[in-house]
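Structure record follows, encoded as structure tokens.
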Amino acid sequence: MKKRKQYCGYIAIVGKPNVGKSTLINEIIENEISITSKKKNTTQKNILGIKTKQLHQFIYVDTPGIYLNNEKDDSFKIIKSSILILFIVDRTVWKTDDEIVLNKIKKNKIPIICVINKIDKILDKSIILPHINFLLKKINPIEIIPISAKKRENIVLLENLIYPYLPNNNHIFPKKYITTHSLSFSISEIIRQKLIFFLRDELPSIITVKIESIEEKFKKKLYIRAAIYVKHERQKKIIIGKKAEGIKKISIASRLDIEKKINMKIYLIIWVKVKIKK
């Protein structure tokens, strides 16, 4: 029996911070694999989201704020190996940050689909068409589509636009895969999300969450030890809070979300440590 052709390719999701890249990839994959927040630059690493629909495998990459990074970093390597770029813009707003991102991605001459996100927040819909015309001239995309990632408006339509551009390639990942990230990574992302939620503007800009151990002990319960690394003692005090109320809230909220994600009871210990300079 003749083997049917398979189609597979990487699709880079780019845009300035806070345009909804992480929300979009979560809605496409229909699973929260990338953290979302109103705080800028919440995505610190390239997040891979995989969606396999029969013969077609779409590998979406949620890139962190690429316009600030070195062109030799992983984000740009991913973009160069992509077959398509989803360039996300925020409603009818065009700023210097958008211009910087556009100039970076145009160098690679990879086809661009322009995605106008958050259209649910536009009250006067008559301003959308003039902005589409502006973007057509500015970006010269192969397609342009208004969506609301948060409301799932036009998400399926966007996916349908991508189909024709997938090249004839064998699938890279097994059918059931939705991301390449480990359990440790997923847990660390949940903890980081809670840090952002509870601390907001007080959150240190450079912060690392490391999962030190995951052990399954009696009664089928996971014991997880995590460490939050900060640069200064002052930052440590901010996270812990008065009478340890801050870290308590973060720990409880993290535990509940982790249990929901893995469908298993856990015991979570979170330490806050000052990173020793080498």
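Think of each number as a place in line: the chain as shown, counted from 1.
Just so it is clear, glycine is given a Cβ too, placed from its N, Cα and C backbone atoms.
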Per Swiss-Prot record, range annotated region 'G1' [choices 15-22, 215-222]:
15-22
Which is it, of 41-45, 71-75, that Swiss-Prot names as region 'G2'?
41-45
Looking at 1-4, 117-120, 181-184, which one does Swiss-Prot call region 'G4'?
117-120
Pick from 62-65, 106-109: which range has region 'G3' per Swiss-Prot?
62-65
Quick one: mean pLDDT on the region 'G2' (41-45)?
50
Provide the three-state secondary structure of Ile119 (GTP binding site) computed with DSSP.
helix
Please work out which residue of Gly15, Asn18, Lys21, Thr63 has the most C-beta neighbours within 10 angstroms of its C-beta, and give that one of the binding-site residues.
Lys21
Please report, as numbers and ranges, the same-chain residues at least 6 past the borders of the region 'G4' (117-120) whose CB is under 8 Å from any CB of it.
19-20, 24, 88-91, 128, 146-151, 153
